[in-house]
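**Student:** Okay, handing you the structure first.
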């Protein structure tokens with residue numbers, strides 16, 4: 001075997017050799033070389049992980065900051081929009097109240113204008129015995145808020161009722177003093193013509209009712225009844241300013257009435 005060292009000097013020059021002087025013999029020992037772990041030191045392993053976590057934390061913080069900024073902007077925008085909506089609601093409420101006030105004033109002006117037109121038209125109508133401003137059909141008489149027609153045709157009571165209905169009217173009704181003052185003078189005739197009214201009863205002793213179902217007022221006028229006549233006298237006529245109970249099958253003239261229309265201001269000229 002070939003010796004590792006050719007001389008003592010060579011052995012001394014070797015850093016890996018140690019001489020023991022205490023034992024009196026030369027003992028050569030080799031310094032153990034440091035072993036490196038295959039996986040490296042712990043610090044070298046955790047450093048990338050820590051950097052990654054730190055990066056993620058920074059990204060998360062930036063995201064939270066951006067989200068907070070967006071939320072703050074949205075909150076400000078929401079408050080601005082809410083204030084704008086509230087302001088618009090207040091303006092809309094004020095405009096609505098103003099519109100209602102203007103509509104009320106407009107209705108009042110229209111009513112006033114209509115009252116003036118009716119008054120003027122009535123003066124023209126009464127002065128000339130008729131005028132184109134009249135709210136009644138041609139040949140109908142205008143009194144109060146109604147139109148009246150006293151026909152010359154003679155029919156029984158039931159036929160007169162149908163006759164009036166066909167003309168968009170009803171049989172004459174006298175329920176106020178004003179209507180009585182107007183209707184009775186129309187009944188004066190030199191030829192004994194009387195007019196059926198809408199008052200009748202369903203047999204002797206029963207209540208007198210108008211065609212609309214309202215009761216007859218005994219205080220307004222008296223119905224003259226002939227107790228000696230055996231025939232049923234359950235329908236009322238007017239003749240020479242008085243009311244009479246007559247047989248409903250007798251032939252009398254028809255008196256009809258209807259609600260007057262509106263006076264057209266343009267027809268006052």
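Cβ coordinates come from backbone N, Cα and C, glycine included.
The shown structure was predicted, so the numbers you read here are calculated from the model rather than taken from an experiment.
Swiss-Prot lists these features:
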TOPO_DOM  1-51  topological domain 'Cytoplasmic'
TRANSMEM  52-72  transmembrane segment
TOPO_DOM  73-269  topological domain 'Extracellular'
CARBOHYD  94  N-linked glycosylation site
CARBOHYD  126  N-linked glycosylation site
DOMAIN    143-257  domain 'C-type lectin'
DISULFID  164-256  disulfide bond
CARBOHYD  168  N-linked glycosylation site
CARBOHYD  202  N-linked glycosylation site
DISULFID  235-248  disulfide bond
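I'd like to know what surrounds each of these features in this structure.
**Tutor:** Summarised as a single figure, the pLDDT of the topological domain 'Extracellular' (73-269) averages 89.
Counting only residues at least six positions away in the same chain, no Cβ atom sits under 8 Å from the Cβ of residue 94 (N-linked glycosylation site).
Under a cutoff of 8 A between CB atoms, and with a sequence separation of 6+ in the same chain, residue 126 (N-linked glycosylation site) has no neighbours. In the three-state DSSP scheme, residue 126 (N-linked glycosylation site) falls into the helix class.
Counted with DSSP, the domain 'C-type lectin' (143-257) comes out as 20 helix, 40 strand, 55 coil.
Listed in sequence order, the residues of the same chain lying 6 or more apart from residue 164 (disulfide bond) and placing their CB within less than 8 Å of its CB are 170, 171, 254, 256, 257.
In sequence order, 157, 196, 199, 200, 245, 246, 247, 248 are the residues of the chain that are 6 or more apart from residue 235 (disulfide bond) and have a CB within less than 8 Å of its CB.
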**Student:** For residue 168 (N-linked glycosylation site), just count the other CB atoms lying within 10 A of its CB, please.
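**Tutor:** That number is 10.
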**Student:** Write out the long-range same-chain contacts of residue 202 (N-linked glycosylation site), meaning residues 6 or more apart in sequence whose Cβ is under 8 Å from its Cβ.
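**Tutor:** Non-local contacts for residue 202 (N-linked glycosylation site): 234.
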**Student:** Could you tell me which of these disulfide-bonded residues, 248, 256, has the greatest number of Cβ atoms within 10 Å of its own Cβ?
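**Tutor:** Compared across 248, 256, the most Cβ atoms within 10 Å surround 256.
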